[in-house]
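A.B. asks: Copying in the features that TrEMBL gives for the protein in this structure:
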- 1-33: region 'Disordered' (REGION)
- 10-33: compositional bias 'Polar residues' (COMPBIAS)
- 168-189: transmembrane segment (TRANSMEM)
- 195-215: transmembrane segment (TRANSMEM)
- 222-247: transmembrane segment (TRANSMEM)
- 253-272: transmembrane segment (TRANSMEM)
- 339-358: transmembrane segment (TRANSMEM)
- 370-392: transmembrane segment (TRANSMEM)
- 399-417: transmembrane segment (TRANSMEM)
- 423-445: transmembrane segment (TRANSMEM)
- 457-477: transmembrane segment (TRANSMEM)
- 483-505: transmembrane segment (TRANSMEM)
Amino acid sequence: MSSDKMGADTVSNSTATPSNEKPPSSPVTTNEDPISNAIGEFGRWQFQLTVLLSLLNIPCTWHIFALTFQAADQNFWCAQTDNFDHISFPEWINISGVFTRDDEKFGYNPCAIKDLDYSQSYHDLLLESENVTTTRPCQKWLYDTNNFGDTIISEVGPSCFRFGRKRALMGSLVCQLVLGAGVAASPWFEGYLVLRAMLGFVCVSIVFSGFVLCMEIVGGKWLTIAGISYLFPVPLGYIAISGIAYYIHSWRILQWVITAPTIIFLILWWCIPESPRWLLTMGKTEEAMEVLKDAARFNDKTLPANTDKLLKQSVSSMKEDSGKKVEVLDLWRTPLMRLISCVQYVVWFSVYLVYYGLVLNLSNIGGDVYVNTVISGIVEIPAIAMSILILLKMGRRRPLCLTTMAAGVACLVTLAFPQGSWMTISLAMIGKFAISSSNVVMPVYTAELFPTKMRNLGVGASSVPAGVALILIPYLWDMEFFHIHFPMVLLGVSGIVGGLSVLLLPDTTGLSTEVN
């Protein structure tokens with residue numbers, strides 16, 4: 001993650017030492033920022049690019065969330081043999097059905113049929129089946145397609161820094177288009193899994209590249225405002241795909257529909273510039289100057305006469321300040337850095353587990369998954385808006401602690417109500433509202449806690465446990481075999497532990513760029 005992206009508003013040019021262990025300070029003023037000096041902190045140019053880049057979140061959200069509908073759980077039954085395809089399904093179950101009993105339930109086993117000679121007549125089999133206890137594996141199944149239509153289960157279940165923000169973004173869009181089409185056309189379940197995994201990485205790359213570019217064209221308080229506003233299309237994506245999936249009951253057609261819009265976004269190659277900050281980092285002052293000229297013209301501003309000189313001075317200053325290369329061990333060299341690193345791992349894991357545990361398991365919470373998805377998107381919009389005020393006025397540590405704990409408590413309180421009841425769903429949405437705010441505040445707070453030279457490494461290392469949480473989430477509701485409430489208990493405890501852990505961190509309130 002770029003040091004300009006989330007932390008350009010707070011920098012410290014030296015890592016913490018045992019004798020002076022405190023979080024980074026010394027806010028950067030706009031006088032030290034040649035980019036903001038030249039084109040302003042925020043104007044029409046920045047607004048237009050922020051809106052365009054934020055729209056990239058919608059197809060990425062579709063791809064990430066589509067699995068909720070494409071691989072939804074469905075009831076299924078062992079299909080009739082060819083000579084009995086004319087009888088009704090209840091009649092078929094009467095002669096072939098295998099029923100199992102355990103301590104909690106008595107139900108139909110869809111993976112086996114009674115071991116009978118099905119070449120006999122229905123009447124003979126009906127009499128014989130009453131005394132047969134042996135079974136044999138089912139070879140073919142029928143699926144309940146009333147709610148979700150054809151799903152993947154029913155059909156096949158049996159370099160952002162080096163290449164620049166713009167190139168990384170456009171390259172990822174091309175990959176998203178190719179992989180999305182590959183997923184839709186995949187004839188094998190194994191191929192589907194591989195392509196889905198690759199598509200997930202690409203979608204994250206698109207969101208990351210767009211966010212970095214968005215952050216590197218604004219300055220001052222707009223780093224916070226634009227950075228969080230960039231996420232507003234995410235809940236809109238949830239709402240949109242719920243409507244799309246409601247009318248399209250075929251997972252392949254749904255995949256084609258959510259992939260096609262990527263073609264439109266390829267037009268951005270001619271609409272968006274390269275990040276002027278990245279160009280300066282690479283020493284390309286002439287190219288940066290051209291971008292700034294276009295931006296100033298669009299913002300109805302006149303570039304200062306000494307802009308070119310200031311850009312070259314900035315490049316020289318970055319070279320002089322490059323210093324010793326930061327290593328992973330720097331995250332553990334001092335007590336403060338060890339504390340920050342360890343706590344961040346807990347917080348990132350907890351927030352991601354609770355956030356995506358709720359988002360990607362709406363069908364398991366109960367109620368109508370389409371309605372739940374819409375409500376989930378609606379509650380996230382004010383949560384994102386509220387986060388702007390939190391970051392500008394209320395600090396980081398205490399709000400992050402409270403929202404994360406509130407999400408955990410909401411998950412635990414669901415245990416007091418029947419699964420699928422309106423109270424359970426309401427509490428899950430309250431938890432989603434709270435954790436959505438945490439999900440926005442957390443990256444900004446993390447970026448401010450690490451000194452400038454360590455910021456990229458610190459944020460990147462903190463996101464590794466988040467990736468572990470994402471890997472675990474698909475198996476979350478499979479843990480119901482321990483106890484039906486185990487998944488929500490795990491989310492609740494994770495939220496509370498993560499929230500309390502935040503209190504161990506130093507506060508960075510007042511270190512963000514001050515409003516002029």
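Cβ coordinates are placed from backbone N, Cα and C, and glycine is handled just like the others.
Just so it is clear, the model here is predicted, and its values are computed rather than measured.
What's the neighbourhood like for these features in this structure?
C.D. replies: Beyond the ends of the transmembrane segment (168-189), by six or more residues, the same chain brings 56, 59-60, 63, 152, 156-157, 159-160, 195-196, 198-199, 202-203, 205-206, 209-210, 213, 252, 255-256, 258-259, 262-263, 265-266, 268-269, 272 to within a C-beta distance below 8 angstroms of the stretch.
Beyond its flanks by at least six residues, the transmembrane segment (399-417) meets 347, 350-351, 354, 358, 390, 423-424, 427-428, 430-432, 434-435, 437-438, 441-442, 445, 485, 488-489, 491-500, 502-503 of its own chain at Cβ-Cβ distances under 8 Å.
For the transmembrane segment (457-477), same-chain residues at least 6 beyond its ends with a Cβ under 8 Å from one of its own Cβ atoms are 1, 6, 326, 328, 330-331, 340-341, 344-353, 356-357, 360-361, 364, 443, 446-447, 449-450, 487, 490-491.
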A.B. asks: Would you confirm whether the transmembrane segment (339-358) and the transmembrane segment (483-505) meet the contact rule of 3 or more C-beta pairs below 8 angstroms, pairs 6 or more apart in sequence?
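C.D. replies: Counting Cβ pairs under 8 Å (6 or more apart in sequence), the transmembrane segment (339-358) reaches the transmembrane segment (483-505), since there are 3 or more.
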A.B. asks: Using a cut-off of under 8 Å between C-beta atoms, tell me which stretch among 222-247, 253-272, 483-505 contacts the transmembrane segment (370-392) the most.
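C.D. replies: Between the candidates 222-247, 253-272, 483-505, the best contact partner of the transmembrane segment (370-392) is 222-247.
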A.B. asks: Please give the sequence-distant neighbours of the transmembrane segment (483-505): residues at least 6 beyond its ends with Cβ less than 8 Å from one of its Cβ atoms.
C.D. replies: 339-340, 343-344, 346-347, 349-351, 353-354, 357-358, 361, 364, 397, 400-412, 414-415, 419, 431, 435, 445, 449, 476-477
